[in-house]
Amino acid sequence: MSRENGADAGEGAGGGVPEPEQLALIRDSVRKAKVPRAKPRTWRGAALAKELPVARVLVDKGVLHLDRYFDYAVPEELDEVARPGVRVRVRFGAGSRNVREGRREGGGLIDGFIVERRAESEYTGPLAALAQVVSPEPVLDPGLLELARAVADRYAGSLADVLQLAIPPRHGRAESRAASAPPAPPAAPDPGTWRRYGHGADFVGALASGGSPRAVWTALPGPQWAEEIARAVQATLASGRGALVVVPTGRPAARVDAALTALLGEGQQALLTADAGQERRYREWLSVRRGAVRAVVGTRAAMFAPVRDLGLVVIWDDGDPNHSDDHAPFPHVREVLELRAARDKCGFLLGSWSCTVEAAQLVETGWAAPLVADREQVRGAAPLVRTVGDGDLARDEAARAARLPTLAWKVVREGLKHGPVLVQVPRRGYVPRLACERCREPARCRRCAGPLEAQEGGAALRCGWCGVAEAEWHCGSCGGFRLRAQVVGAKRTAEELGRAFPAVPVRTSGREQVLDTVPGAPALVVSTPGAEPVAEGGYAAALLLDGWAMLGRPDLRAGEDALRRWMAASSLVRPQGAGGTVVVVAEPTLRPVQALVRWDPVGHAVRELSERAELGFPPVSRMAAVSGPPEALAGFLAGAELPPDAVVLGPVPVRDAGPGPARRPGAAPVGEQWERVLIRVPPGSGAALAAALKTAQAARMARGAKGAREGGTEAVRIRVDPLDIG
DNA sequence: AGCACGCCGACT
DNA sequence: GTCGGCGTGCTC
């Protein structure tokens with residue numbers, strides 16, 4: 001919600017709706033340059049700019065040109081507006097070179113950004129002229145360019161791809177309306193509820209006095225987190241610097257936004273979320289870039305927001321998969337904000353009710369300090385957590401009849417006397433993982449420790465990573481030889497739960513319809529993870545069903561993820577002192593379950609981390625997934641010069657090459673079987689791996705049509721730090 | 001991706 | 001001797 005220019009000055013002198021592009025140009029006094037977008041004038045014979053007549057341009061064309069710049073001549077008439085950072089259109093293609101007499105200029109018009117103005121070019125051929133300066137707004141400043149390049153390098157992607165994520169599409173009207181007057185900084189804040197944390201007040205104080213502390217913050221359960229983030233932002237603003245907050249979805253964004261408004265008043269911050277329209281998105285973004293707004297709250301695209309004098313970056317709930325962008329090169333908010341904190345030497349705050357292994361690693365390496373409350377504070381804020389394991393269920397006659405454990409039934413009934421009760425039900429579609437029937441140890445490959453999977457219709461097992469078949473599996477931990485796969489039956493259980501309490505209203509919140517809040521009156525609130533409404537005054541109790549389905553996913557993160565979702569739900573429950581109780585239906589001996597009972601997410605993450613280190617898993621080692629049609633993948637691997645310490649696992653057929661947002665035109669036709677390899681390198685070789693992958697992809701694309709005959713000119717898909725490693 | 005340039009076979 | 005096939009490489 002950035003402030004808008006109150007008076008709608010200067011709009012449309014002639015009435016009607018002028019071409020947006022023209023508006024900007026006219027305003028900046030480019031005479032006679034009535035430059036229609038469809039047909040810019042040709043500049044043949046036109047005089048060139050007297051100073052710095054060369055514009056170095058980043059051509060916005062995906063992978064093809066890679067990260068090279070191209071030089072163009074700057075016509076004198078564009079001299080004023082053709083400044084570094086502006087959007088331009090240029091002719092690009094073989095035809096444009098042919099400037100011989102009489103011939104038309106060929107080559108398509110494509111978009112780009114001026115990166116630099118120079119006195120001369122190293123290019124020896126004749127330079128084509130810039131076709132058009134789309135707008136005088138310098139959207140790509142040097143800081144953003146550097147950040148985008150760092151992200152591109154880190155993720156083996158192209159600069160143009162990253163810029164597409166970082167700079168929203170232009171909207172002419174927004175350009176004329178975005179605010180540009182900076183507000184006065186607020187006063188230094190009171191640390192408020194930050195006092196509940198050991199070094200909380202110090203952290204806020206450091207920000208307010210211009211410092212750049214870095215912290216991994218384990219938030220106490222309850223609703224105060226949004227206000228705490230707002231106070232950290234306020235402190236940063238008070239120091240005269242800007243702040244950026246990235247949250248997983250629109251709901252928490254609205255919470256932080258509201259908390260900021262309550263603290264600072266209207267108009268101090270911009271809200272950058274995906275669901276805003278193009279015009280609004282660009283307008284808010286521009287207000288940030290112009291320095292009119294110093295604080296930004298948003299979802300993942302906001303991680304690139306060009307905040308002036310950045311003093312603090314914040315990520316909330318870094319384990320939420322929404323923090324991973326789904327466009328190439330798939331950057332993750334946490335990693336990008338780490339890059340920004342390091343480059344801009346600004347503060348860094350990673351907050352969550354839970355703790356990812358990556359967050360634990362930031363603390364372990366000393367990059368960030370832990371920001372935690374002591375045990376007493378935790379006990380005072382957290383609900384009581386009780387478990388129902390298989391043993392309990394087996395002994396529980398009533399449970400088998402009612403499909404609901406006696407303990408759960410009792411807790412729900414008691415809770416409903418005092419307020420709403422939350423029931424968390426896993427979503428359908430969770431693929432269960434194979435585990436030892438006796439001790440629940442996940443079944444892993446003997447060669448590479450990847451997850452074993454049952455093949456369709458067959459009894460044979462196969463590794464999900466390296467594809468090696470496992471004929472005679474037995475449990476490495478207890479010697480058992482029987483496997484089990486957990487099946488989900490949760491929704492039905494929830495329905496029956498409603499029937500068990502007929503007098504109570506049942507409300508549901510899920511993918512189709514997400515409830516934001518529910519009143520404090522007794523009700524059963526059935527929700528899938530991530531969609532839990534906030535209850536006024538907190539839930540009296542919560543029931544976490546089918547823990548097995550959550551823990552049983554064939555994913556390295558299954559345990560961490562289950563714990564994160566349980567803690568997120570449990571954080572909406574009243575403290576134990578106020579009667580808040582949580583029942584989790586899962587084996588009490590399992591590590592994530594114990595971590596929930598003890599409310600110790602950090603301990604869980606630290607143990608996970610050391611185990612990952614032992615097994616050579618991310619994030620201790622770096623991994624990349626490369627997928628594509630089998631021939632393309634094979635060609636890619638044959639041409640890639642991977643670092644010597646790289647280990648290639650696979651290829652294995654990949655199930656989900658089907659339709660989806662990740663598919664692009666020109667990719668494999670639907671139904672074609674894709675393959676995937678995982679490549680892992682030890683700590684320290686991550687950059688080398690990314691560089692090698694990028695080079696190999698570049699070489700492959702440059703070969704272009706020639707390669708088509710020898711097995712696919714198709715690009716393979718590269719994903720550094722894949723989220724879903726089995 | 002386009003698009004032009006060039007080397008080779010077929011045709012007036 | 002010239003037209004045009006498509007194979008190859010470049011795009012400021």
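The backbone N, Cα and C atoms fix where each Cβ goes, glycine too.
The region 'Disordered' annotation in TrEMBL covers A:1-21 (among others).
The domain 'Primosomal protein N' 3' DNA-binding' annotation in TrEMBL covers A:57-168.
For A:173-192 (among others), the entry in TrEMBL reads region 'Disordered'.
Cβ contacts within 10 Å of A:CYS439 (Zn(2+) 1 binding site), excluding its own Cβ and spanning all protein chains shown: 12. The Zn(2+) 1 binding site annotation in TrEMBL covers A:CYS436, A:CYS439, A:CYS475, A:CYS478.
Cβ neighbours within 10 Å of A:CYS463 (Zn(2+) 2 binding site), excluding its own Cβ and spanning all shown chains: 24. Per TrEMBL, Zn(2+) 2 binding site is recorded for A:CYS445, A:CYS448, A:CYS463, A:CYS466.
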DSSP helix/strand/coil residue counts for the region 'Disordered' (A:173-192): 6 helix, 1 strand, 13 coil
Local Cβ density at A:CYS478 (Zn(2+) 1 binding site) - other Cβ atoms counted within 10 Å: 13
Minimum Cα separation from A:CYS445 (Zn(2+) 2 binding site), reported as the residue among binding-site residues A:CYS436, A:CYS439, A:CYS475, A:CYS478 that achieves it: A:CYS475
Average model confidence [pLDDT] within the domain 'Primosomal protein N' 3' DNA-binding' (A:57-168): 85
Listed in sequence order, residues with CB under 8 A of A:CYS436 (Zn(2+) 1 binding site) and six or more positions away: A:PRO442, A:ALA443, A:CYS475, A:SER477, A:CYS478, A:GLY480, A:ARG482, A:LEU483, A:ARG484
Entry from the binding-site residues list A:CYS445, A:CYS475 having the most other CB atoms no farther than 10 A: A:CYS445
Rounded inter-Cα distance in Å - A:CYS463 (Zn(2+) 2 binding site), A:CYS439 (Zn(2+) 1 binding site): 20
